[in-house]
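Enquirer: Attaching a single structure in structure tokens format; questions to follow.
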């Protein structure tokens, strides 16, 4: 009895387990669906998404069927269940469901496109190859609320082009992204934007002029700086001489400079240098490239300057004392200017740059952000670069057009000069005939039959061309039958006369078409020609058309250059 009771208990528990439905974890899926639909029906997307905007405008009440959303690829990845989508959108702040729960629409009507859209958008380049929307949102989301992301792709391969546009909610957020995320690596190109800056590895004249103007301005600035430095050096020399003789009589800087004449003896200067070396023996050696200074200058540059000034003030502050203090101030200023030589100035600028870089890094660490090597700039700046690129493209295409027209004219002139008189009329008649198509001539077509598949069209033509001139070979690959068209009946007859030799070598059977067979074949020629002419052609316009023309000319020139030139004995 006990065993039976246990069995019944086990069966009941199993039934209960089966009856209990498995808990489906759809909370994250519902959140993802709501986020995706809110984005699709948001202001930022609808102003750019023409298809969805048209679907909303088509319906009178602005409702869109949920089945349309299910057809989108991103929604297919999340779910294909319309009821689940309706469940996810019940608490949405952007869209609302109809009474049946099968259609959705925006709660608020779509307004006009905002004017500050470009100012709120940033351009990003040097992105990783397999970049995604979620990656960009994660990186740029730390600077503000990302409203829209556009990643352009190549049509042929579908790979990302390496740059993207990120739209923020406010201008301040965009500026913050430019400040903190603009961190291009050292090996990155100097100029931003994926645009060519040269034509045939040479700068374009319009750009060259602007660059030359900039260089001239820089040169003028350098010359002015050099002049000011020279003037300061003169002031320093004069002031130093004045200070050294200040005990005898207080002098002005101009008097000191007059006293120093080029006729001064050279030996005392050498002695002075020796004294300097003896005095500064205990001190560390000065760096290479810096000017050696006299002991008087060193004394003046030492810290106890303010004491001298104080003494002068205490002594009564007479005119002599005031002049000395002025000279000291001038000397202080000039010596500091001299100490800051070009190398030191560069060092200062580098140190400032390092400080700024450190500050940025600190702020980045505060934000809790990883440093990613990206180049970020405003969309307005990128638009200016785009205009520059289009102007360059226009100029290069205009020059290409000119060169192509010149080459054509030259070739026409050459053909006219080489052609004998009266050949122009013959050429025009030939052109008319070619426009009409091949004219019916009897006894010109030879039918070739073979047991094995015939070789290529070129091989057949080469074999027959040894006997007489061939106009056309009508042959498909792998066929055992073909037709050869000759210029005159005599040429066709010559091939027929050599039939025995051809049969021995290639085992081909030849016959000239005549009667109904010939007429049918000529009709086939005309029908095939008409079908070929009526085929839809790819229309090439603008830059593509010019480039194809240039490519043809280049190929023709290379073929001409690669031809083997043979010289006769008399040349």
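Glycine residues also receive a Cβ, built from the backbone N, Cα and C atoms like all the rest.
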Enquirer: Could you check Swiss-Prot and say which of 24, 254, 286, 428 is marked as phosphoserine?
Expert: 254
Enquirer: Swiss-Prot tags one of 257, 411, 562 as phosphoserine; which one?
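Expert: According to Swiss-Prot, the phosphoserine annotation belongs to 257.
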Enquirer: Please count the residues of the domain 'xRRM' (439-552) that DSSP assigns to helix (H, G, I), strand (E, B) and coil.
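Expert: Counting residues per DSSP class in the domain 'xRRM' (439-552), I get 55 helix, 22 strand, 37 coil.
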Enquirer: Should residue 408 (SUMO2 cross-link) be counted as helix, strand, or coil on the basis of DSSP?
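Expert: It is helical.
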Enquirer: Once near-sequence residues are set aside, which residues in the chain of residue 408 (SUMO2 cross-link), 6 or more away, have Cβ atoms under 8 Å from its Cβ?
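Expert: Spatial neighbours, sequence-distant, of residue 408 (SUMO2 cross-link): none.
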